[in-house]
Amino acid sequence: MRQPIGLVAALASAASFATSGAFVKPLLEAGWSPAAAVSARTLSAGLLLLPLVLWSLRGRWATLWRARWRVLGMGLIAVAFTQVTYFAAISRIPVSTALLVEYLAPLLLVLWAWVSTRRAPHAVVLLGSVLAIGGLVLVIGPGAVRAVDPAGLGLAFAAAVGCAVYFAVGARPADGLPPVALAGSGLLLGGLLLALVGTVGLLPFTADFGDVTLLGSAVPWFVPLSVVAIFGTAIAYATGIFGAGRLGSRLASFIGLLEVVFASVFAWLLLGENLTITQLAGGVLILAGIASVHAAPPQISDVAPVTDETGVAGAEPGASAPGTGTGTGTAEPIVAAPTAGGA
């Protein structure tokens, strides 16, 4: 049951992250700066998860302290760093190009496993990587592959590293820390850092608390913010971390590529943006890539955690997920990045 539940959670996370674009876009069009919108989103989501965090810990603060480096990695790198570098990147290069570079995160995890274990990836993993990235190019648009500002590319690659960290952190041994506690504490920490970065002037930080246009109607600003905080952030991170813990970082990161497919579908349904045959073909290629990676035998560096005697996701003895020990997340198509990243 571990893998089916993990697959459902990872798919739910990708779909939830994908809602962000359609609901953050009205805020940005109304005058919100990206940093302000993302900070409000992550802080709101963290506060929404706070009761669940407290309930899951039940006063076991020592558990949170033992996982402090994991929480720091999630909040500072997977949430804050990924989004800051992503938004800095799209200020220099097209959004489609930044997304394409950021979604190299699964390949970074494959390469990390290769380097850290000195064992070449299985052939089906390499095939899946090629299929998934090819499909990603088709979904985002072949025009994303072109010569652009080197600094912008560097920032987008930094966001890809942060996105990879998000999946790596989620897949590391839990050490008794419930996934919802990691998600909530990481979001609060990352949101506070983003707010600090914005208030000291390192990033533009503006907000407009008037009505915004959503689906052709004027609604209060907190309506789209609430939707993106609940679905595109709180649920997305909690299910994403749970899924990575069940599947391992490699498979979870490839499933995360479906976010761009879900985002295209939501943009079609909610914003009236056309869904082309090329995008549909790209989605099929991404699914084929995920199936290839799923069929590959697990490597030592990417073993999915199991459930320990307390019922909390842990890791198999001697196993560890690839990564630096530190989310976006995934990046978020169109207007926002995970909190990777973000997811």
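Just so you know, glycine gets a Cβ as well, placed from its N, Cα and C.
Annotated features in TrEMBL:
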- 313-333: compositional bias 'Low complexity' (COMPBIAS)
- 5-140: domain 'EamA' (DOMAIN)
- 152-291: domain 'EamA' (DOMAIN)
- 309-343: region 'Disordered' (REGION)
- 38-57: transmembrane segment (TRANSMEM)
- 69-89: transmembrane segment (TRANSMEM)
- 95-115: transmembrane segment (TRANSMEM)
- 122-145: transmembrane segment (TRANSMEM)
- 151-169: transmembrane segment (TRANSMEM)
- 181-206: transmembrane segment (TRANSMEM)
- 218-239: transmembrane segment (TRANSMEM)
- 251-271: transmembrane segment (TRANSMEM)
- 277-296: transmembrane segment (TRANSMEM)
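Distant neighbours of the transmembrane segment (122-145): 94, 96-97, 99-100, 103-104, 106-107, 110, 250, 254, 257, 260-261, 264, 278-279, 281-293, 295-297, 299, 333; these residues of the same chain sit at least 6 beyond its ends, with a Cβ under 8 Å from one of its Cβ atoms. Two recorded stretches are said to be in contact when at least 3 C-beta pairs lie under 8 angstroms, sequence spacing 6 or more; the transmembrane segment (218-239) and the transmembrane segment (38-57) meet this definition. Scored by C-beta pairs under 8 angstroms, the transmembrane segment (181-206) has its highest count with 69-89, from the stretches 38-57, 69-89, 251-271, 277-296. Packing against the transmembrane segment (251-271) from elsewhere in the chain are residues 6-7, 10-11, 13-15, 17-19, 21-22, 25, 99, 103, 105-106, 109, 128, 132, 135-136, 139-140, 163-164, 167, 170-171, 215, 240, 243-244, 279, 282-283, 286-287, 289-290, 293-294, 302, 304, 329-334: each is 6 or more residues past its ends and has a CB under 8 Å from a CB in it.
Residues of the same chain lying 6 or more positions beyond the ends of the transmembrane segment (38-57) and with a Cβ under 8 Å from any Cβ of it are 20, 24, 32, 63-64, 79, 83, 87, 178, 180-181, 183-192, 194-195, 198, 205, 207, 225-226, 228-230, 232-234, 237-238, 336-337, 339. Proximity of distant same-chain residues to the transmembrane segment (277-296), defined by a Cβ-Cβ separation under 8 Å and at least 6 residues beyond the stretch ends, is recorded for 121-122, 124-125, 127-140, 142, 250-251, 254-255, 257-258, 260-261, 264. For the domain 'EamA' (5-140), DSSP puts the residue distribution at 116 helix, 0 strand, 20 coil.
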